[in-house]
Each structure stands twice: as structure tokens, then as C-alpha cells.
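Quick notes on the structure that follows.
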């Protein structure tokens, strides 16, 4: 494939070069032609000549001479390079419409016949303007015969040479959008390598107290850029280091980029690291100082350095002189810390682009160039030869601080930092515990174990008043959150007050709009039951009149044979009858008179002359009504699923074959009855899953609320889970949770297999599984990184924090619930569990009692019409970690010993929100003595007294009787398979009656104990968990009184 040249970019840039030359400013004013020659030298990394070539053509062209005259451009190169340059030479009239001069191409020969080509170029120089002065890059000297002969030819003619390095650098310093994108990418790769490799490696070295040489660590950083996981999706062949990484510590510091990492061992003090990565010829730079146990003075100096960088960023604006930027920073040093004036670096940074360091754009006191929008600088500030007064060893006494970033000059406001690596003390400081502190802690622990509570109480008395325990800090923060919670809820309800709720239009079930549309069948005339399948109507004789009933009005039917007769009983829906969860209110006029049931009787005996028995009509009617009813309910269910579905944009397919793609994945929920494998591919605006049989599921990026990546650590599957903003339809159902997963290892274990701990097959299988896990994790991570790069990080995948996870039962089975940065999730079990933290109003812990091993967690949403979420059976050991996590997320939590009837509580709030907040709002959940209206605690007793001990039956009743439609989309209802038979209630069975008797006995025993302890409990000090009303009713899991307190 031929190498292509970006013609538009070439014409744009050569026009800019000529435009600046013709303006005649600075060195441009005196030159008649520009001569640029590039030879072959592997040791030269940065040169103006090669930078100009890369800027114009996108590539370096060795052994090439470029002569820019006033009215023409001449390129002399090898035959292959001339073919490449023909892409810009062969234009209409050999001159670009933008006014770029015509191009002449000369082929370089390998023998001495180049003289004629040299003469042509010399003649062109002489004809350009005055033909005496030529602009050259005086520092660029390339070896080789070709370069020497050309240099001799120029010297022979006696042209005056003017160094134009600075003015050309200023011309190409302003970056176009394409160049800025490359520099941003280079900066992001540098940040990735620093964060994910270097910083982590230094932490490991410090933690393990390893001895590692600076040079070895620098080499490992260079090797890291060969691994794709640190390159943010970039091709490794396009990435290289700008210079070998510079790592310094232990008193030997030189804050320049020309030094090399020495072979000394890393000292755990101030560790400076400078690294720069080049992406597609464009450079970036990053400098950070990692500090191990910094003293207060070191931290103060470091914070002052950050302050200076902020000042520098503010001054880097379009139109400001570079020397003014430098002077303003120096003024801050003189005013605030003049003793550091001789310690600061001589310059504060330099321009950067294709060349790492642009010598003419150094930020110092002498540079008169003005900054322009689109310029990119590497800003580097540091203090060297600082003295650590607390240092004892020679390497501890002297330290240096050095920070640097790649920044972009904007038109207004401070410069934009492209290397987004955090640099505050808390981010770069590594704080270790002293051995003495650790010994003291161990001694305290031992003392507690030996002496028990007496010693603990003695140690607690030593605490000063200013010290606060974690629990006290949490409580203080929770009080602040409680005040904010009620205020925000009031404001939110006030805003929503004016919003009208859209009432759903009821579907009309009129079979025939007028009598003429009724069918004229013999069955109807013969006063038999007839089913009109087309209009889904049952026509029955009522008082001798054929009366149509739509299938939607029929609740159920039953048929029975008694003696010589067959009975067909038809039950209808009517006001007052129990409706199923999915039926809703289907009566447009509930005040009308309704038929509740009709029973028909027919003889089983054949009359003389009749071919069939009369009961055959009832038998056929029973069968056909069942069929029509089933078809109608199935269709209604499908229509209900489609209700409220937001129409999605069409997926824009990316025809590029290098799209991020994952193969051999399963989808949940299944598209068909049987699970099928397929592939997930990222396109321009969304994902497409294609199964092996061709089914397609599209998920758009803008419809994804949470994108979760659940690694396979400790799990049997590896999952990509998408929680959607609006439901999507596939498999005839709507889904707000879609996930793609693959299994890791064997889900089942052969228990009959003979196992031995040293069995080679087992060891090999374990090794294979480990490798498979690693391979899958790498594949998924690469996919995620590519997708994030493709979407410009608009879509970010969250990884659950397994360390913060806790067990609970949000549905029927217990699973591990794990927080992410914005949600609480479980993606490995099905149905999945996802709660968005931004939508949560507060969390309430129920059944928190000393003698119970677990408790329940209730999640109340900001949308009060939404059903609360219950997580049952959470181990008590998880209570404090959950509180700590919720507190860190600024979420209000409360706790109590009782189980509350949340359906009634939420209905009370929705019916009268103003009254609810006037009575103190959510403070009724606070334990006695802590709520803001504790003294008026009895005023809310109406709500609090609605407590009960929930059993499975209670939860079912809540769901049935709820006025709100709380049905979750994750739940799969099987109402299409509901029995259509008689709904006669059956009596309670023996097990239920025995259970009720046991409960009655237990409650009577508790009431006796309660009477004895009530007088004592009033005298005790009120604590978080003491509640007179709930003490006997909440303790349904234990018959024994509490024996010990939980810490």
C-alpha cells in the first residue's frame, strides 16, 4: 500500500510559512531564500530540519534538500521519495489555489551527476529576490557525501547565511486541531504510564523496602510502553520515549532534562521523576515528586511550588509576552518566600511540539516572543538544594522538589493542563507508620485482650476532648446530612407541585359499535353460545337476547358435569372483585350495574332425532373461550411491555474493521429460549450484539446509565453489564438491564472423581484456569480501553469495589452486593441488582438488635412514588463498613429495631407531603433523643405504630394491595400461565394454624417479661437501640434475652 501525504495539511502549512516570511518580521526580513537539507544520522533525534519536514509532509525524508524561493519550491530526493512528493507536485497548473508556489522535483543520483541539479537549485536561489542571503538552520549538521557536496557548493557561491531556527519554530508553534489531538493523546499516555506503572511500582518498592537502582527503574518504565495496557488504546509502534526517564533521590538532584538516571539505590525521601512520551512524532512531558513521610516544612515548600504553578498557568494567556509570565512568578517568590529565590529553576518551561524542547520559546526573563492561542508548553518548576532540618543521614539532609505538566495556551483564562495526574500532597505523599507507633498499637491490643473492658475504659479516659472517634465523626456528618435532606426534599416537592401527572387513557373494549355489525350465525339464532374470534367476543343468550361480552370482561370460566347435565360457569370482572396485579382499574364507569356471573346448563342426553348432545355447545364454548382468552392476554402483555418505550436513534455502523470487538459472549436476558453465543462490537454511537443465528441487539452509548465491568476475580463469570436509562425491547419483553458475559473455568464439579492434592491433571487444569482468567481479563480490559478512547471517555466503565462488598438478599437468594463510584450493584446473579446512588434519598436499617445475627436495609428514593428497595439478611458484621461507605458518599442513614410498613409510610408522604415535612420529615426514623423533633416523637406515632413482623405472606399482600404500580422490570411475571379456574378461597392448612399458635404463645410470654422490665428500662440511659414499643415485636428471631452488647 502506497504511503499517502495529507495534501490539505501541506498546502495549509506551506502557505503559513510563506505568509510569515512575506510579512518580513525578525530574521525573515533579511533572507531571499530558505535552504533546508536533511541527511542520515541515527543519533540525531530532534532537529529543526526534520521537524519542518514532519510538519509539512507527516514524515522524515532523509537525504533530501528543500529550497524555498520567492516564487518556486524545489525538492531534491531519491527516486522513491520523489514519487511520494508527486502527490503535492501534480496539481492543476502546478500551483495550488491557495497561492503556494509551484513545486519542482529533482531526482538525486548516486554518482557525481548531481552537479546539474545543484546548479539548478543555485540558479533558483540567485533569482529569488536579491539572491544573496539564505535562511538556514545553523545547528543542523548532517554527515555523508551527499550533504558535504551540497554544503561545498553553497559555500563556493558565497551566500550569506542567516539562522532562521527561532522564527520557523515560532511559525510552527501554533498547533492545528489535528496536532493538538495528537499531543493530547501523547499526554494521556504519559499520564497512564505514570499512574498505572511508575507510581504503583514506587509504592511496591517502598512497601516491600526493596533496593532498586534509579537506572533499573528507568529501564522498566521504558519497557512499560511496549505493553498495550498502558497505552490507552494506542498502537505501540507509534509510541516512543522523548528521552530516557529521569529518576533522582537521596540528595543527588539535577533538575534538567539532559541528565541520565544514575546507578544509586532509590532513597525513600523526595523521589523526582521526569518522563515524556512521543505519539506520532508529537511530544508530551510530565514531572512529579513522590514524597515518603515528608516533614511539615517539606509539605509547606511543596504547596508553595503548587501555588507558583497555579500563578504560571494564570499568566499563560494569548498575547502575553513570555518574559512577563516569568517575571510575574518571580514576583510571587520575592514577596512570599524570598529565601527560595536562588533555589528555583532558571527557566520555568519551554515550547513543545514535534521537537521536545524549543530553545526559542523558553520561559525566562529575556524572551520577548508573545504567546499565541494553540501553543503547547512543558512547564517545569522546581526547588533544588533545599535543606531538611530533621534529616540525620547525608542523603536525607538535601532534597529537591520538581513538578511539571504539558499545557495548552487558551485565548482567555488560564492554560489547560493536558497531563491530568493529581499532584496534591495527599496524592503524591506516601505516609508510613513508624515502628514505634506499630509497637505501641500492638501493646494496646495485647493489653485489651488481657485486661478486657476495664483496661479499655482506662485507655479511653486518656483521650482528649478534641479527639473524635470514627463513630462520632459519622454522627456529626449525619446530623448535617439530615438537615440538608429535609430542606432538599421540601424544595424538590415544591418544584414538582405544579407539574400535572399525565393520566393514562383507558382502552375501550367495545366489541361492536352498532348491532348491524354482529354476526348472523345459526348458533345465535338457536340461542347457543357463540364465540366471535375476529372481534374477541363471546355472544351469550341472556333472557332470550343475544348479548355480546368482550373477552376482556371475562375473569375466568369453569365447567363441571353433574349427573345428566353439564354446567358452564362464567365469572366477570366487576367493581369490588379482587384484581390481579397486572389488571389495574378496567372500569370506565364503576357506578353502572354489572353482571358478576352467569351459569348455563345443558343436557348430556341425546334427544330423539338430534345428531349431537346439547352439552356439546358448552364444551366447545369452554375450549374456544380459553383459547381466545389466552391469545388476548398474550397480546395485551406484549402491548404493555411496549408501553413507554422511548424510540432510540439508529445505530451508526462503523465500517472500519478495527472496531473494538469481543467474541464468544452470552447475553442475559436470553434472546431465545436457549442461550446463544455471539459477539459484541462497538460502533460510532453504540454497541451491537450479534448472535450466531443472526439476532441483533443494539445499545446506544447515550442510553447507558451505568456501564459496569465485573472482573472474574472470585467469580465464575466475567461480565460487562449495562444499566439503561430507557428500556429496550427484545425477545418480546422490555429490559433496562442487559449484560454480556463469558464463563471462566468449570461451573460444575465432578464429586465422584478421585482427587489427590498432587494429581498432575488437577494441577494442570488449575494452571490452565489461571491463564484463562488472566487472558479473559486482559481481553475485556483492552476492549473497555478502546471503547473509552472511541467515545472520548463519554462512556466510562465502573469496576465494583470488592473490598467494600457485603452479602445480602435483594431478591430471593443471597448475593455479594458491591459499591461502585456511583451505584450499588450485583451483576453476577440474575436478576441483577443496580441502585443509582444519586437517586437515593436515604437508607434505613431495620431489625438492628444486639441478639440478631443479621439486619435489613431499606433504600428510599428521591422519587417518592417509586417503591422502596429492600435488602434482607445482611450480616451484622457488615453494618459499620456500610455506614462508613454511606457516610463517605454523603448519604443519610438511620436505624431502628422495628420493621416498618413502607407501603403505608410512602402513601402517607405522597398524599400529604407538606404535612409530613411540617411534622419533622424523616426525623421520625431517628432513634429517640437524636431526632430534631424528639420531644414530639408521639406525634408521628400513627406512622410508627404501623409496624409489623414481615413474613413472605405480608410481602405478597403489600405487592397486591399497593396503590402504586411498583412492578419491577427485572421481575418476570408468568401471568399468561395463570390458572383461569375458579378463585374460591381455601381454608388455612394445619402448618399455618400451628405456626399461629406458636406465635401467640411466644407473644404472651414476651408480654409478661416486658411488664417486669419496663420500669427498669425507663431509668436506663437512652441508647441508639433502645425502644419500648419495638423490643418484643422486633425480636422474632430469638426467644432468649440479649446476653452481650455488640461493639
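Placement of Cβ uses the backbone N, Cα and C atoms for every residue, glycine included.
Among the features that Swiss-Prot reports, N-acetylalanine is placed at 2. Marked as N6-acetyllysine by Swiss-Prot: 139, 223, 732, 904 (among others). Taken from Swiss-Prot, the feature phosphoserine applies to 188, 650, 658, 979, 986, 1015 (among others), supported by similarity to another entry. Swiss-Prot lists 491-518, 918-1047 with the feature region 'Disordered'. Per Swiss-Prot, the feature SUMO2 cross-link maps to 497, 513, 647; the stated evidence is similarity to another entry. Feature annotation from Swiss-Prot assigns compositional bias 'Polar residues' to 499-514. According to Swiss-Prot, the feature phosphothreonine maps to 903. The compositional bias 'Acidic residues' feature in Swiss-Prot is assigned to 927-973. Annotated compositional bias 'Basic and acidic residues' per Swiss-Prot: 985-1005, in sequence order. According to Swiss-Prot, the compositional bias 'Low complexity' annotation covers 1024-1039.
Proximity of residue 513 (SUMO2 cross-link) to non-local residues of its own chain (separation of 6 or more, Cβ distance below 8 Å) is seen for none. In this view, residue 658 (phosphoserine) is surrounded by 8 other Cβ atoms within 10 Å of its Cβ, with every protein chain counted. Proximity of residue 188 (phosphoserine) to non-local residues of its own chain (separation of 6 or more, Cβ distance below 8 Å) is seen for 232, 418, 420, given in sequence order.
For the modified residues 650, 903, the largest tally of other C-beta atoms within 10 A is found at 903. When the recorded positions 223, 647, 904 are compared by the number of other C-beta atoms lying within 10 angstroms of their own C-beta, 647 comes out lowest.
All chains included, 11 other C-beta atoms sit within 10 angstroms of the C-beta of residue 139 (N6-acetyllysine).
Cα-Cα distance from the residue listed as 'phosphothreonine' to residue 732 (N6-acetyllysine): 31 Å (rounded to the nearest whole number). The modified residues recorded for this entry are 139, 223, 658, 732, 904, and the Cα of 732 lies nearest to that of residue 647 (SUMO2 cross-link). Residue 732 (N6-acetyllysine) is 34 Å away from residue 904 (N6-acetyllysine) when you measure Cα to Cα. Checked against residue 732 (N6-acetyllysine), the modified residues 139, 650, 658 differ in C-alpha distance, with 650 being the nearest. When Cβ atoms from all protein chains are considered, those within 10 Å of residue 732 (N6-acetyllysine) total 10, not counting its own. Closest by Cα distance to residue 139 (N6-acetyllysine), from the modified residues 223, 650, 658, is 223.
Across the structure, residue 650 (phosphoserine) and residue 223 (N6-acetyllysine) place their CA atoms 43 angstrom apart.
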